[in-house]
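Following: one structure in structure tokens, then a few remarks.
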Amino acid sequence: MGLTPAPQEGLVINPATDRPLAANDPYFLSINDKLADKGFLVTSTDELINWARTGSLMWMTFGLACCAVEMMQASMPRYDVERFGFAPRGSPRQSDVMIVAGTLTNKMAPALRKVYDQMPEPRYVISMGSCANGGGYYHYSYSVVRGCDRIVPVDIYVPGCPPSAEALLYGILLLQRKIRRTGTIER
């Protein structure tokens, strides 16, 4: 009695032969077409999880300066980021995304790291504004961290001083696209 190896993730198994199928296999394509005609959607669990995760991102504000005003404006009715499934949360333990907006000082850097460490995996960071991206106007000051990416890993950079609410909204859409493309399992 021979044991068959476990199928690799992302492969479809032919029930007749117990062998994996390629995505362009005629058997797989015919099953997919038959189910699509009946209103079913054939997808992998990874794609389903990524789709669900991008539609329900919970964000935490880390507003440090004037960029936080633009971040608040993105939540108002004109831009309404919640229609994209991007809702604010008050606790880092309930958040998937942290938006760092403003000048990060050396004194505030440990607090930023502490909040980041309290977030559950997978977690994402959006750096908003010139000061959060690289120090901005205060780059040469002794008390300013030259970019929050020196403290936490950053996924999306939103440039500007301060960036508009449209720029933040575009950064959110880029983050959702990145999650769909890369997935959350590899992270």
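Numbering starts at 1 and runs along the chain as displayed.
Glycine residues also receive a Cβ, built from the backbone N, Cα and C atoms like all the rest.
Per Swiss-Prot, the features are as follows:
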BINDING   C66, C67, C131, C161  [4Fe-4S] cluster binding site
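Structure with Swiss-Prot features highlighted.
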{"residue": "C66", "record": "[4Fe-4S] cluster binding site", "DSSP class": "coil"}
{"residue": "C131", "record": "[4Fe-4S] cluster binding site", "DSSP class": "helix"}
{"residue": "C161", "record": "[4Fe-4S] cluster binding site", "DSSP class": "coil"}
Sequence-distant neighbours of C161 ([4Fe-4S] cluster binding site) in its chain (C-beta under 8 A, six or more apart):
G129, S130, C131, G136, Y137
Which residues, in sequence order, are found in the same chain with Cβ within 8 Å of the centroid defined by the Cβ atoms of C66, C67, C131, C161 at the [4Fe-4S] cluster site, excluding those residues themselves?
A65, A101, G102, T103, M128, G129, S130, A132, G136, G160, P162, P163
For the binding-site residues C66, C131, which one has the sparsest Cβ surroundings, going by other Cβ atoms within 10 Å?
C66
Neighbourhood of C67 ([4Fe-4S] cluster binding site) by C-beta distance under 8 A, where only residues 6 or more apart in the same chain count
A101, G102, M128, G129, C131, A132, P162, P163
